[in-house]
Amino acid sequence: MDPSGPGPSSAAAGGAPAVAAAPQPPAQLSRYESQKRRDWNTFLQYLRNHRPPLTLARCSGAHVIEFLRYLDQFGKTKVHASGCAFYGQPSPPGPCPCPLRQAWGSLDALIGRLRAAYEESGGTPESNPFAARAVRIYLREVRDSQAKARGIPYEKKKRKRSQAAQPAGVEPSGSSSAAAAAAGGGDTGSGGGAAATTTAQPGGSGTAPSAS
């Protein structure tokens, strides 16, 4: 064999030429993560505009409460004053001059997102101003006052027991049909299921987080 002759091609020696992998697009953030990022950026902007200037390291629970009160100007929830004729009515029959405020549920969700964003940005749980006791007390006061003013009680929903207590020796309803379906390989998709209930938090707009 002539050593000066052409050698085997790289394609033949190593198989098919390597193809550069296309860059993967960045993973799309979930709705929660996107909202958390917007809320965090809004809070940082609030600190930059604060007078006197305020840094995140010096931020306390009192500053967080001040921020929540600042957000009231962007609220969309009518909160009746104690002297209003519609005070305590969940469905007032007409308009009134009472101001719009941030709903308690929106503020509560906002604080939860900011509390998580603070620690994700390097803060420690011990120094987290969004987890301060003063903030929890403030949110509780907002909840109670809005419940009275709007006539809408805020109560924790108790999970209903999936099955009522059955007498001894009595088979729960539906178990025989489920067993028959399992034995015969039948389609169980047509069976009744519990409907899931979701509660959507209203979103905000403009320069403030979606806490309205």
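Yeah, the Cβs are placed from backbone N, Cα and C, and that goes for glycine too.
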Annotated region 'Disordered' segment (source Swiss-Prot; candidates 1-34, 35-68): 1-34
Segment assigned the feature motif 'Nuclear localization signal' in Swiss-Prot (from 156-160, 201-205, 206-210): 156-160
